[in-house]
Amino acid sequence: FPPAVFPLSCAVQNYSWGKVGLQSEVAQLLASSDPLVQIQPDRPYAELWMGAHPRGDAIIRDNRIPQKTLGQWIADNPTCLGAKVKDAFKGRLPFLFKVLSVNTALSVQAHPNKELAVKLHAQFPEHYPDANHKPEMAIALTPFEGLCGFRPVEEIVSFLQSVPELRALIGEVAAEQLERSGSDDPRGVSAALRVCFTRLMKSEKKFFVDQLNVLVKRISQEAAEGKDTSGSNGDLLLRLHSQYPGDIGCFTIYFLNLVRLEPGEAMFLGANEPHAYLHGDCVECMACSDNTVRAGLTPKFIDVLTLCEMLNYTPAPSSSKIFPAAQSQLDPSIYLYDPPVPDFAIMRIEIPSSIKLYLVSAVDSASILLVIQGTAVGTSTAAASEMTLRRGSVLFISANESISLHLSSPDGMLLFRACCLL
């Protein structure tokens, strides 16, 4: 039998928003897993892609395997996915697992549902490269900040009243419609919110740049005088404006929740949920797609009309955006993040220092294992030889295979495992 458990060498994306040099978790994981890697101190290391995506297919680190990449290996050995996964996802790995190190904000964006993805891909294949949906989940590795989902209406109304520059862009009629919408009529609230947000996003470039400059100048002066600018969300506004001066995305902070995650906390982003990651390091898992509809905080192609049409305009507090992990009944070391989509789930595995032998148990799905902390030697009947695991190591585990970890680190281990639990 060919080995069905093997180490991977994963693709790095050097997007400009990434943390630079060894400040980046991505760079640290790379440097730790492969001492020969040269980390360039001024280069951004934004994303590590662990999977079989054609734009970043992982390389197999086992010279007994003839295939060079994970994508090729899965195509030749589709049973490795597990019977259910193989059938449900047509012989493809259904998820892409990543580590992100965010220094400056990512674009304000949302991902389409299946139906819209099919339509966008058919109409504009150059901007929407595939016909799949792209739900995603982020789990913080360091304190992590992002914008996610629409704020409760009372918060938005409060900003409309204390930020005249915002009100000018939206216009009096739309602002009053939102102020009058009552909580007893959620559809009326969503309709008013849609009008306000669409008016903001479609405002004339010269007009919004002028208003943004006025706002930034006012907040800067107030801050210099030691005044409290929180009523205008001043700190975040100045930060985003310094990263993307003159960008309409700066105003979205008045509509979207600021969500702060502590390490181990997660947020799940379903279809049509507006979001923008702002800062920090996380592991992320998503359906295997590149479809992103953008509308601000970016120099890339923006599609304001599609975005404003597709969004989920349901207001909710930021606390509701934190997705809970469930501790496993069978194995207290495992915390499972199981989102309401079939494409992926993530396990956080915290092995305490008291345990010296740990079994990474078999699941009926191909999975990818990432080591964040600790060292061990891994053995498996399905592996060609024993594998040294350290910070940054990534393993592919075929369906229904297990691995014994012989821990050698004094402080236990922290692992993340992505799989598909149908």
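Yeah, the Cβs are placed from backbone N, Cα and C, and that goes for glycine too.
According to TrEMBL, the protein carries these features:
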DOMAIN    5-153  domain 'Phosphomannose isomerase type I catalytic'
BINDING   Q109, H111, E136, H275  Zn(2+) binding site
DOMAIN    169-256  domain 'Phosphomannose isomerase type I helical insertion'
ACT_SITE  R294  active site
DOMAIN    336-376  domain 'Phosphomannose isomerase type I C-terminal'
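In terms of DSSP helix, strand and coil, the domain 'Phosphomannose isomerase type I helical insertion' (169-256) has 67 helix, 1 strand, 20 coil. The Cβ of E136 (Zn(2+) binding site) has 23 other Cβ atoms within 10 Å, all protein chains considered. Counting every protein chain shown, 23 other Cβ atoms lie within 10 Å of the Cβ of H275 (Zn(2+) binding site). All protein chains included, R294 (active site) registers 22 other Cβ atoms within 10 Å of its own Cβ. The helix, strand and coil residue counts that DSSP assigns across the domain 'Phosphomannose isomerase type I C-terminal' (336-376) are 0 helix, 21 strand, 20 coil. On the 0 to 100 pLDDT scale, the domain 'Phosphomannose isomerase type I helical insertion' (169-256) averages 97 in the predicted structure.
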